[in-house]
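A.B. asks: Straight from Swiss-Prot, here's the annotation block:
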type: BINDING; residues: 19, 21, 216; note: Mg(2+) 1 binding site
type: ACT_SITE; residues: 19; note: active site, nucleophile
type: ACT_SITE; residues: 21; note: active site, proton donor/acceptor
type: BINDING; residues: 28, 130, 141, 148, 186, 188; note: alpha-D-mannose 1-phosphate binding site
type: BINDING; residues: 228, 230, 233; note: Mg(2+) 2 binding site
type: MOD_RES; residues: 240; note: phosphoserine
């Protein structure tokens, strides 16, 4: 633990990590003033960080332009892009790991499958290529908030994403990939081990005695599951940002 950097905190050996969508913000929407104030209070007591599957630009939209200064740790794409006290750490690349030939086969299968799904609505950006993963959305990431809510209800009834994931697992069993359903409208595809637990390697040297994690998709198959059940963390399952504030207030006497 670096005394000089974190000694001012009441609990410098405690780290609290947060998922973004559904935990700090409503899905794809911006953070509320109540959550911001709660996090500011919490940061005086212990170290805080966020870890999400989206790239940093989307997290800046949701959490604000000063997010790198307001969190001790900032983990985009599950920690493949990482910042500690505003300074960038080493990153990884999905395409370099998988290779162009395999990625082409994967992308062609995904696009063909997307074209054959029976859906009431389609919008745009069905396959999003990121540094550390790809994100697949049957309705498309350009869907409005209302359309996202509609798809989420439709998906719960028809299991569109779950069936899609099973088809991918069957088609590419030897690719070493993980398929993780998260948010309302999409799922992530990334190398095994590149889930949210990936970010924990960035904090190992700081010697935290307690690492708490707050997330909403903590069920098996959800994109918070692996870090939620990891033996290195104390997991907290939440239903909404309001729920996050409530638990934090009680747990840390804010």
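Every residue gets a Cβ built from N, Cα and C, even glycine.
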A.B. asks: If we check Cα distances from residue 148 (alpha-D-mannose 1-phosphate binding site), which of the binding-site residues 19, 21, 228, 233 wins as closest?
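C.D. replies: Closest candidate to residue 148 (alpha-D-mannose 1-phosphate binding site), judged by Cα separation, is 21.
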A.B. asks: What is the interatomic distance between the Cα atoms of residue 141 (alpha-D-mannose 1-phosphate binding site) and residue 240 (phosphoserine), given in whole Å?
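C.D. replies: About 21 Å separates the two Cα atoms.
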A.B. asks: Minimum Cβ neighbour count within 10 Å among the binding-site residues 188, 216, 230: which residue?
C.D. replies: 230
A.B. asks: Compare the Cα of residue 216 (Mg(2+) 1 binding site) against each of the recorded positions 130, 186, 188, 230, 240 and report the nearest.
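C.D. replies: That would be 240, nearest by Cα distance.
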A.B. asks: I'd like the Cβ neighbour count for residue 148 (alpha-D-mannose 1-phosphate binding site), meaning other Cβ atoms within 10 Å of its Cβ, all protein chains included.
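C.D. replies: Step by step: centre on the Cβ of residue 148 (alpha-D-mannose 1-phosphate binding site), count other Cβ atoms within 10 Å, giving 21.
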A.B. asks: Could you tell me the maximum Cα-Cα distance in Å between the residues recorded as binding alpha-D-mannose 1-phosphate, namely 28, 130, 141, 148, 186, 188, rounded to a whole number?
C.D. replies: 21
A.B. asks: Within 10 Å of residue 28 (alpha-D-mannose 1-phosphate binding site) (Cα-Cα), which of the binding-site residues 19, 21, 233?
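C.D. replies: Cα within 10 Å of residue 28 (alpha-D-mannose 1-phosphate binding site): 21.
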A.B. asks: Could you measure between residue 130 (alpha-D-mannose 1-phosphate binding site) and residue 230 (Mg(2+) 2 binding site) for me? Cα positions, answer in whole angstrom.
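C.D. replies: With distance taken Cα to Cα, residue 230 (Mg(2+) 2 binding site) is 25 Å from residue 130 (alpha-D-mannose 1-phosphate binding site).
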A.B. asks: Compile a sequence-ordered list of residues in the same chain as residue 233 (Mg(2+) 2 binding site), six or more apart from it, whose Cβ lies below 8 A from its Cβ; state 'none' when nothing qualifies.
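C.D. replies: Counting only residues 6 or more apart in sequence, the Cβ neighbours of residue 233 (Mg(2+) 2 binding site) under 8 Å are 17, 200, 211, 212, 213, 227.
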